[in-house]
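Student: OK, TrEMBL features for this one:
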DOMAIN    A:26-424  domain 'Oligosaccharyl transferase STT3 N-terminal'
DOMAIN    A:541-599  domain 'STT3/PglB/AglB core'
TRANSMEM  A:22-42  transmembrane segment
TRANSMEM  A:89-109  transmembrane segment
TRANSMEM  A:121-141  transmembrane segment
TRANSMEM  A:147-164  transmembrane segment
TRANSMEM  A:176-193  transmembrane segment
TRANSMEM  A:205-231  transmembrane segment
TRANSMEM  A:243-262  transmembrane segment
TRANSMEM  A:274-293  transmembrane segment
TRANSMEM  A:305-330  transmembrane segment
TRANSMEM  A:367-385  transmembrane segment
TRANSMEM  A:392-408  transmembrane segment
């Protein structure tokens with residue numbers, strides 16, 4: 001009696017299987033969305049909500065300007081407060097996507113009457129877009145394989161350290177938004193190729209436009225997609241859907257991309273974008289041939305025609321390219337991207353590019369650190385994709401392989417490889433788990449079939465053998481499932497640990513352990529900048545090394561001589577020369593630049609190391625000779641140091657009144 | 001290194017138009033002139049040395065170039081010369097990778113076989129159409145990247161090092177994150193690939209095997225090997241980087 005009443009009560013809540021499935025999926029996606037956001041909040045909880053590092057301060061300052069002065073002034077902004085006396089044309093030398101996005105979110109929140117400060121919006125933009133990336137990953141996985149793979153992909157990408165490294169709260173940099181735009185563009189394009197609809201092609205063009213406005217890495221998209229189209233053409237998968245999708249995306253995307261002043265006419269002039277144009281023309285040739293084939297009924301004639309046309313077309317393309325490159329209209333590949341194709345090029349020819357720490361080649365421990373077990377699942381996923389070849393799986397395989405190869409060349413590009421690795425591993429995990437659970441749940445059904453189809457002897461015997469091995473199979477499947485679950489939980493632990501220890505330091509506030517184990521926080525940078533802001537006249541000019549330029553303009557609100565944009569090497573070398581010369585020479589240089597204050601970062605008490613100032617200064621001004629500062633080939637700062645070192649400006653500024661400072665308790669001062 | 005030395009010498013000559021005879025470049029072969037080696041007091045190779053005009057003794061008055069400065073090859077040797085002798089070498093002329101003749105030959109060959117290749121592609125018969133080829137290519141690219149082989153190529157890391165304390169032992173694995181040795185990269189890449197491919201094999205190939213015991217044995221083998229490989233890689237990674245990765249429990253539980 002009570003049973004029926006409770007079941008009557010629960011009747012409106014009883015869901016059909018499809019509805020149950022939908023509920024599970026939506027709840028998982030909501031939880032993953034929240035997870036992706038909160039795992040990036042370590043530094044906000046430990047320190048406070050502030051912008052990290054150096055480059056994001058420039059982005060923050062431009063966003064501030066945008067919200068205060070509007071889009072027209074921002075787009076035409078000439079910044080006279082940095083690179084004094086040269087100034088900087090900001091509107092034409094940045095990618096506006098990030099700033100415009102943050103400003104739009106700010107406007108929206110204000111419209112809904114949430115009076116937040118723009119800094120909070122900037123700090124939390126990256127985690128917000130990381131959560132959106134997980135949603136896009138779900139839809140992408142669903143497009144390539146099925147919804148199970150989509151869910152696993154969303155989960156994996158929510159915590160993957162490779163992505164977290166550049167999208168923690170406070171890391172207000174282009175990559176935070178760019179990875180979302182990258183995955184979104186790829187998803188829309190693959191959807192357009194699968195459906196063959198013009199609407200999806202249009203959407204992918206707009207997605208590409210967003211990507212171009214957000215990051216210089218859009219070159220990867222504009223080369224991967226033509227390569228993918230070429231592979232499809234070669235393997236005989238040409239179809240009308242591909243034609244519609246690629247044409248729409250390329251033409252519209254190119255036109256839209258030219259609206260960004262920083263990109264300008266590169267889509268028709270630069271060698272890096274020529275692959276897309278070449279494939280575009282090749283597509284037209286394919287379409288033409290298809291139409292001729294349709295019209296002609298004689299195959300032999302068609303073969304002849306085919307051969308002649310292809311030869312002519314390729315020859316014409318080759319000649320056009322040659323003429324373009326020879327006349328200088330099409331510029332060759334820039335050093336930055338050329339070093340990806342020929343990795344030994346940078347080391348021999350452009351030492352500046354080779355010396356940046358982010359551009360170093362990757363050791364396997366860096367891969368392990370950023371991907372953990374995804375590396376093991378990657379080849380399995382590759383195999384699954386090859387078993388079920390379709391236009392979409394070919395795309396994800398190509399994206400995965402090219403991005404993993406480039407990640408091996410440069411550490412920084414692990415970020416670009418992360419979505420591909422997560423997706424392919426998700427396919428492996430999802431397919432395996434699906435097989436195992438099917439095995440686990442199939443026990444009853446097989447027994448039934450075995451009893452009803454007893455007439456056919458062959459079938460009965462096979463079913464009987466299946467029944468016999470059933471117990472082992474079930475146990476094996478259970479063991480494997482537990483193994484998979486354990487692996488994934490280890491992955492989650494690893495990711496959380498990595499995020500907490502390695503990727504959550506704001507680097508503008510430093511922390512250390514004191515003598516008694518208590519935590520000591522060094523907020524010296526911000527205190528210094530605020531001192532500048534409050535105690536110096538508003539038109540004062542500050543000279544410092546270029547690392548701190550963005551921070552001084554953003555927080556100290558004063559004009560600087562050089563900053564992180566490093567577009568003028570001679571200007572930087574002038575500053576370097578001033579820092580390394582004797583005080584009287586330095587005074588001449590400083591007066592000629594109109595400088596009022598000099599900022600020096602000194603790490604003598606905490607053990608903080610920095611850059612090679614006299615190398616860079618000596619590169620332009622031969623007056624500065626590095627061996628003058630050395631004693632027996634090394635740098636010393638005590639009494640035995642070289643006289644040039646003891647008397648140069650930097651040394652004097654750093655060690656001013658150092659003798660009065662106590663270093664350690666009980667030891668003599670200075 | 002000798003080729004780089006030749007490049008520096010030839011650049012110096014071309015830049016000064018053979019008019020400046022203040023600097024001479026020479027090289028000594030050990031088998032031919034052992035006594036010269038002793039004169040200079042050379043103990044190890046490679047060895048680059050500059051003898052100034054005022055040097056009285058070849059062994060003590062000449063400047064030796066540091067081993068560490070060889071990294072940038074021709075450019076660093078030119079800098080060494082400039083800093084010690086106050087003579088400029090001028091811009092270094094690197095010989096091009098492919099000579100003009102070779103380039104012309106390659107382009108001609110390509111143009112000739114282009115129509116043939118295009119026709120076969122359209123017919124769908126080429127080797128490119130077999131998915132297995134693509135699959136092995138894909139796995140190779142993966143192996144190459146993930147094992148850090150690019151890092152080894154660019155930095156020219158050796159396969160193994162000799163242990164500094166015990167010259168008879170060889171060190172295959174480098175302790176410290178960010179750098180790796182040649183053999184280390186290959187070993188780790190192999191372990192990764194084995195696990196991934198075994199999983200794929202078990203799911204697809206094993207279904208066709210008829211014998212139940214064989215199937216069970218294969219499964220067991222795969223499980224054990226995968227487990228061992230993953231454990232090995234994780235142990236190796238922890239040893240190499242020194243990180244102690246642990247979960248975070250609420251502090252009220254301690």
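Positions of Cβ are set from backbone N, Cα and C atoms, glycine also.
TrEMBL labels come from automatic prediction, so no person has curated them.
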Student: On the DSSP side of things, how many residues of the domain 'STT3/PglB/AglB core' (A:541-599) fall into helix, strand and coil, could you say?
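Tutor: For the domain 'STT3/PglB/AglB core' (A:541-599), the helix, strand and coil counts are 34 helix, 8 strand, 17 coil.
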Student: In the same chain, who gets a Cβ under 8 Å from the transmembrane segment (A:392-408) while lying at least 6 residues past its ends?
Tutor: 143-145, 186, 190, 193-194, 220, 224, 227-228, 231-232, 235, 237, 340, 361-362, 367, 378, 382, 385-386, 414, 416-417, 420-421, 423-424, 427
Student: For the transmembrane segment (A:305-330), what are the same-chain contacts with Cβ under 8 Å, counting residues 6+ beyond its ends?
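Tutor: For the transmembrane segment (A:305-330), the list is 269-271, 274, 278, 281-282, 285, 288-289, 292, 296.
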Student: Under an 8 Å Cβ to Cβ limit, what residues of the same chain, 6 or more beyond the ends of the transmembrane segment (A:22-42), are close to it?
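Tutor: The answer is 15, 126-128, 130-131, 133-135, 138, 147, 151, 154-155, 157-159, 164, 167-169, 495-496, 499-500, 504.
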Student: Give, as a single whole number between 0 and 100, the mean pLDDT over the domain 'Oligosaccharyl transferase STT3 N-terminal' (A:26-424).
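Tutor: A mean pLDDT of 88 is what the model gives the domain 'Oligosaccharyl transferase STT3 N-terminal' (A:26-424).
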